[in-house]
Amino acid sequence: MARTYLKKATAGSAIPANQSSVDVPGIVKGVIDTIRRDGDAAVRQYSEKFDNWSPESFKLSKAEIEHAISQVPAQIIQDIKDVQANVRRFALAQKQSLQDFEIETAPGVFLGQRNNPISSVGAYIPGGRYPLLASAHMTILTAKITGVKSIVACTPPDRGNIPYATIAAMHFAGADEIFILGGIQAVAAMAIGTETVPKVNFIAGPGNAFVAEAKRQLYGEIGIDLFAGPTEILIVADETADPFIVATDLLSQAEHGPDSPAVLITTSEEVGRKTIDYCGKLLEGLVTAPIASVSWGTLGEVIFVDSLDESYQVADEYASEHVQILTAQPREALEKMNNYGALFLGPMTCVSYGDKCIGTNHVLPTRGSPFPRGEWSSWAAMRASR
């Protein structure tokens, strides 16, 4: 297969492992070990250290939840409810696709399978400069629809304040207990259990490198949704694609972090070169340019190939978290591609819709993992018993 790189990643790979001078595994292990030994006292110690947050109680009372909701504009409340209706419908369809069965393999010999929900789930909802409000819908609501009996949800403070909109989303999604607690300490507390934070059987939800490492180290003691890396986007485009749309959608993921790969595979050299030009122009006025310019500059790729069949093969090699098809016949990708977390067909949809509002779950496999069940869904929240 002939590939021409109109732009090539300069960091060695378009899907790199996290590289940092910080000893993330060592820091995470230290926090987990201390919380395992000292419980709530250690949780408070690390919350003060990492988030400058030490309220009388990390758990929100019913009155505090009601107050938080009252501070959220009515339009945002309606938006939350509309999005959750979409997520609910999709999660329910996933659940209903799982069927219990019983068969008789020989006279008097009966074999069967039942799909039972996990008994308890911990949902981690990230915060930061741009809180991932949608993660509340994706993690908590999916667990609730599946039939999980106990859902504990944690989210970090917003620069010393309670993140009102996130709390509203967590509450409407069905969280049984809500804690304003973030990072390693939140994941460890839910996995181990403390005097005030219940132990759960499973933890779902995205997070930064420290949260991901905490989930990795605690895996086995609890179940987790997946070993997630930085978000990714890959677009397959032909000559019918609008380079401005391609550039916009690439940068919409590149702005998530400096280690977020954004890749275009195209059968049109003109579309490829115009996309590169548009990315440069858009970055000049983008609020998130300090982040997006780094990821696009070091991990962005534009690959020119001879045919769409070749583009699908290359895309399958990348096995990207998000794959967007901007071609004259986008649905043919359903028959010709296998490795992706989520597939978006045509110019009337995009990754941002999928991650935020249309109803599919945004907790997806990353880092070129084509393996099944690397996600959070109604299926993942079930235990098949035979």
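Every residue, even glycine, has its Cβ placed from backbone N, Cα and C.
Heads up, TrEMBL stuff is auto-annotated, nobody curated it.
Record features, source TrEMBL:
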BINDING   Tyr124, Gln185, Asn208  NAD(+) binding site
ACT_SITE  Glu321  active site, proton acceptor
ACT_SITE  His322  active site, proton acceptor
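Among the binding-site residues Tyr124, Gln185, Asn208, the residue whose Cα lies closest in space to that of Glu321 (active site, proton acceptor) is Asn208. Of the binding-site residues Gln185, Asn208, Gln185 has the largest number of other Cβ atoms within 10 Å of its own Cβ. A gap of 30 Å separates the Cα atoms of Gln185 (NAD(+) binding site) and His322 (active site, proton acceptor).
A gap of 21 Å separates the Cα atoms of Tyr124 (NAD(+) binding site) and His322 (active site, proton acceptor). In the three-state DSSP scheme, His322 (active site, proton acceptor) falls into the strand class. It is 19 Å from the Cα atom of His322 (active site, proton acceptor) to that of Asn208 (NAD(+) binding site). Taking all protein chains in view, 26 other C-beta atoms sit within 10 angstroms of the C-beta of His322 (active site, proton acceptor). When Cβ atoms from all protein chains are considered, those within 10 Å of Glu321 (active site, proton acceptor) total 30, not counting its own.
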